[in-house]
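K.L.:
I am attaching a structure below and will ask some questions about it afterwards.
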């Protein structure tokens with residue numbers, strides 16, 4: 001079952017989902033809610049996709065009387081959210097704040113490096129590593145591994161290898177260091193280089209551990225060398241390493257991709273015979289294998305077996321099943337599985353996006369909006385992609401009013417729409433000769449300032465000047481008057497209406513039953 005949420009946290013969720021960002025401080029003040037570091041962490045986790053909204057709450061919480069201070073975990077969550085929307089100046093301000101409070105650690109810089117690398121800002125990731133000592137944090141092997149991992153995960157393994165070759169004399173590489181590089185070359189994909197790093201590891205006297213073997217098995221399987229991967233598994237016993245559930249999940253998944261369903265089942269049974277207890281990851285691989293070959297009855301048998309053995313299906317489990325059903329046009333069954341899912345675990349952004357897209361493609365916007373309303377009822381903050389799917393569906397239907405209101409909500413939450421989505425809405429508004437609405441949205445979107453890549457300690461004056469320039473905000477109510485919505489209140493102002501139960505009743509024009 002989804003975890004219980006405290007009453008103050010629930011109240012904050014409601015305020016943040018229903019209040020314009022410009023009025024958030026006032027609404028929180030008037031609520032009388034008291035916050036703790038734990039509550040702040042929960043809220044930031046829930047609003048990770050709405051960086052500027054989360055930052056507004058974070059700043060408000062830090063000013064409250066009797067509030068001790070933000071935890072390191074809260075700072076890290078906020079740094080991740082801001083980096084996700086490329087608000088790098090604000091991100092570095094938080095790093096500086098952590099420094100002044102003595103809270104900085106290696107993990108802080110690993111997060112920043114990872115986010116820069118993911119945004120393809122390799123030079124900035126390297127800069128972050130190089131300025132650690134300036135911030136009184138000594139770079140150690142964990143930081144070195146963090147830099148290599150950030151580069152590899154952002155598909156810059158060649159740069160990671162170059163950094164490793166130049167700096168390995170300054171750090172003694174461990175199994176994690178080599179595992180990161182092997183994984184990076186595997187994803188390149190470059191099997192010869194992955195093998196070369198593995199050999200260098202062994203020749204250098206660093207023993208592979210279960211994680212390294214697991215990565216090597218994964219690399220070989222992705223390269224289509226399943227038989228060689230099996231040999232690696234067989235050789236593990238001689239090295240004192242026992243095959244893990246991850247290794248078996250890779251084998252089961254690979255056999256599934258190759259439509260070798262019997263081999264997938266044999267690998268699963270071998271795992272059980274060796275006393276390796278199946279976890280949700282292995283079960284997910286088996287479910288994915290059955291989906292691949294259209295054995296949907298077996299999918300639900302596995303799902304029932306999981307529950308009978310005390311292995312709780314997770315969001316990924318249901319997303320695999322939903323994707324399999326939707327891709328085969330089994331939309332009514334998919335909706336039934338979604339209803340089953342929400343009783344036992346929380347849907348994520350992928351779940352909601354799949355369901356909303358499914359109904360939009362079925363030309364059933366009523367049900368798409370019901371899923372949206374349920375998502376808002378659960379205080380889930382949509383991702384950019386989830387917003388885009390519904391806005392595109394509304395544009396396809398010619399419903400500019402609701403599309404505009406959603407676009408405003410998206411921008412209000414600090415989420416910059418993709419050029420494709422904004423362009424589609426722009427075309428619709430121009431077609432309807434509503435340039436005033438288009439101008440309003442464009443001006444509001446321009447307030448989502450693109451921040452500098454990084455900020456040195458000496459740039460405080462410029463920072464203050466930037467803050468003065470970016471604190472303006474458009475009145476929230478303007479768009480509602482401009483679009484003149486004719487059916488009920490705009491979604492942004494009336495997310496769930498008077499709904500006290502699940503909104504998934506039979507929809508008008510829908511063949512889907514509750």
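Keep in mind that glycine also has a Cβ here, set from the backbone N, Cα and C atoms.
Where the annotation comes from TrEMBL, it is an automatic prediction and has not been curated.
As annotated in TrEMBL:
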REPEAT    105-139  repeat 'PPR'
REPEAT    140-170  repeat 'PPR'
REPEAT    174-208  repeat 'PPR'
REPEAT    209-243  repeat 'PPR'
REPEAT    244-278  repeat 'PPR'
REPEAT    279-313  repeat 'PPR'
REPEAT    314-344  repeat 'PPR'
REPEAT    348-382  repeat 'PPR'
REPEAT    383-417  repeat 'PPR'
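Tell me about the setting of these features in this model.
P.N.:
Residues 72, 75-76, 79-80, 83-84, 86, 88, 91, 95, 98-99, 146-147, 149-151, 153-154, 156, 159, 163, 453-454 of the same chain, all 6+ positions outside the repeat 'PPR' (105-139), place their C-beta atoms under 8 angstroms from a C-beta of that stretch.
Tertiary neighbourhood of the repeat 'PPR' (140-170): same-chain residues 106-107, 109-110, 113-114, 116-120, 122, 125-126, 129, 132, 176-177, 180-181, 183-185, 187-188, 190, 193, selected by CB-CB distance under 8 Å and a gap of 6+ residues from either end.
Sequence-distant contacts of the repeat 'PPR' (174-208) (same chain, at least 6 residues past either end, Cβ-Cβ under 8 Å): 141, 144-145, 148-149, 151-153, 155, 157, 160-161, 164, 215-216, 218-220, 222-223, 225, 239, 241.
Below 8 angstroms of C-beta separation, residues 175-176, 178-179, 182-183, 185-187, 189, 191, 194, 198, 201, 250-251, 253-255, 258, 271, 274, 276 of the same chain, each at least six residues beyond the ends of the repeat 'PPR' (209-243), sit close to that stretch.
Long-range Cβ contacts of the repeat 'PPR' (244-278) within its own chain (Cβ-Cβ under 8 Å, at least 6 residues beyond either end) map to 210, 213-214, 217-218, 221-222, 226, 229-230, 233, 284-286, 288-290, 292-293, 295, 309, 311.
When the repeat 'PPR' (279-313) is classified with DSSP, helix, strand and coil residues number 26 helix, 0 strand, 9 coil.
The average pLDDT computed over the repeat 'PPR' (314-344) stands at 96.
For the repeat 'PPR' (348-382), residue counts in helix, strand and coil come to 26 helix, 0 strand, 9 coil, using DSSP.
Helix, strand and coil residue tallies for the repeat 'PPR' (383-417), in that order: 27 helix, 0 strand, 8 coil [DSSP].
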K.L.:
Over the span of the repeat 'PPR' (174-208), count residues by DSSP class, listing helix, strand and coil in order.
P.N.:
26 helix, 0 strand, 9 coil
